[in-house]
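Quick look at what TrEMBL annotates:
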- 37-60: transmembrane segment (TRANSMEM)
- 66-85: transmembrane segment (TRANSMEM)
- 114-138: transmembrane segment (TRANSMEM)
- 168-189: transmembrane segment (TRANSMEM)
- 201-225: transmembrane segment (TRANSMEM)
- 252-274: transmembrane segment (TRANSMEM)
Amino acid sequence: MTQVDEKKGSTCRSRMIPSPVVIRIQAILQKEMVREFLAELMSTFVMMVFGLGSVAHMVLGEKFGSFLAVNLGFGFGVALGVHVAGNISGAHMNAAVTFTNCALGRLPWKKFPVYVLGQFVGSFLAAASIYVIFYAAIMDFSGGHLTVTGPIATANIFATYLPEYMTLWMGFLNEVFITGMLQLCLFAITDKRNNPALPGTQALVIGILVVIIGVSLGMNTGYAINPSRDLPPRFFTFIAGWGAEVFRVKNWWWVPVVAPPLGAYLGGIIYVVFIGSTIPREPQILENPAEHEDHQAPVLPKAMSHRTANTSLASVSVSLDNRTPAQPIPLLSDNIQVQQF
């Protein structure tokens, strides 16, 4: 190798060494709170891009969209969001779900602002992306007039609004009931002591759940069922040209913020009390009790992940390191590590 080649090789090696700034950024990104914040941001962004895009098709191009397509867009958007971040944060993508998990002790309260902030930022960025992508279509449809109500209204692409036949409080009760159904079914889908979805299918089943809610209960209020889905895009329309009218129409804006957490909490309580509390817990069983009295076999530690959310893919791992052949192996029914999201 020539001297020139050696210099080139040393230069390449020096370039491969991460700089202190890169190392510091990598260390920050590996922190649990940061990873969960980014996971909620990205999963919510994915869900909202597909969901709002399907609404834009229905509003701006009648032959390109339909109410069923909107339900499919949000349903499969949720499923894909779970795949994006399910094993990191649980991919809640819903402040009401995060609130319920914290209120029921399944998630520390200190993570609540982290999750919700990530969801709000992801939702806001999704609304901005849809606005840019469909800008020409929005202007063509509305004639350049960004309105909230009327035949050429386009604000409903981004947030929910009550139809004329609905009152504010009937809409409130609708959101409470629908979100309660969502949370109750989510607990059923992810409850391993009951009859959960098969491992690897939870994301799809939860997506189907959202579609079912939309096609059966979504007509009255547009089934916001999620503060993170409604408030950030509404705020985007406020600053993007639709104005303060987005907060004034029927004074509806606060209902998708308040009603879903209340409904999700009630739905979660109903499941825990009427279903979860009736499921018997299996006691730990040793393989050979008589032999166990003389030779105490080490029992594997029971560890449960603190991550909970819309879905739970079970990944079971048991460590059998440092076990000698002479030691009996206890049954693994209670000594497993389960990760949930």
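Heads up, the Cβ atoms here are built off N, Cα and C, so glycines get one too.
Remember, predicted model here, so these are calculated numbers, not experimental data.
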Contacting positions for the transmembrane segment (201-225) when only residues 6+ beyond its ends and CB under 8 Å are counted: 67-68, 70-72, 74-80, 82-83, 86, 94, 96, 156, 159-163, 166, 170-171, 174-175, 177-179, 181-182, 185-186, 189-190, 255-256, 260, 263, 310-313
Outside the transmembrane segment (252-274), six or more residues from its ends: residues with CB under 8 Å to it: 94-97, 99-100, 103-104, 159-162, 168, 171-172, 175-184, 187-188, 191, 221, 224-227, 229-231, 234, 246
